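Listed features, source Swiss-Prot:
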type: BINDING; residues: C11, C14, C17, C58; note: [4Fe-4S] cluster 1 binding site
type: BINDING; residues: C21, C48, C51, C54; note: [4Fe-4S] cluster 2 binding site
type: DOMAIN; residues: 2-31; note: domain '4Fe-4S ferredoxin-type 1'
type: DOMAIN; residues: 37-68; note: domain '4Fe-4S ferredoxin-type 2'
Amino acid sequence: MSHTVKIYDTCIGCTQCVRACPTDVLEMVPWDGCKAGQIASSPRVEDCVGCKRCETACPTDFLSVRVYLGAETTRSLGLAY
């Protein structure tokens with residue numbers, strides 16, 4: 001099963017989503033596009049259980065995460081954009 005999680009440039013680099021994730025799917029990586037100089041990344045997306053804790057933890061309600069399960073199915077984690 002193919003997984004891709006996209007976290008768009010609305011991330012403010014606060015690390016709330018990283019700390020909330022029970023399966024350590026997310027991590028912060030250097031990124032010059034925000035004041036914090038870092039952005040959430042998802043190197044271990046195969047471990048995502050779709051719990052939406054990252055969504056709940058996001059203080060700006062702009063975290064955008066999508067999980068793509070193969071070509072036919074797209075499961076949105078329900079995050080605002």
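Positions of Cβ are set from backbone N, Cα and C atoms, glycine also.
Positions of Swiss-Prot features highlighted on the structure.
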| residue | record | contacts (Cβ under 8 Å, 6+ apart) |
| --- | --- | --- |
| C14 | [4Fe-4S] cluster 1 binding site | A36, P59, T60 |
| C21 | [4Fe-4S] cluster 2 binding site | R53, C54 |
| C51 | [4Fe-4S] cluster 2 binding site | P22 |
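Distance noted between the C-alpha atoms of C48 ([4Fe-4S] cluster 2 binding site) and C17 ([4Fe-4S] cluster 1 binding site) is 13 Å. All chains included, 22 other C-beta atoms sit within 10 angstroms of the C-beta of C58 ([4Fe-4S] cluster 1 binding site).
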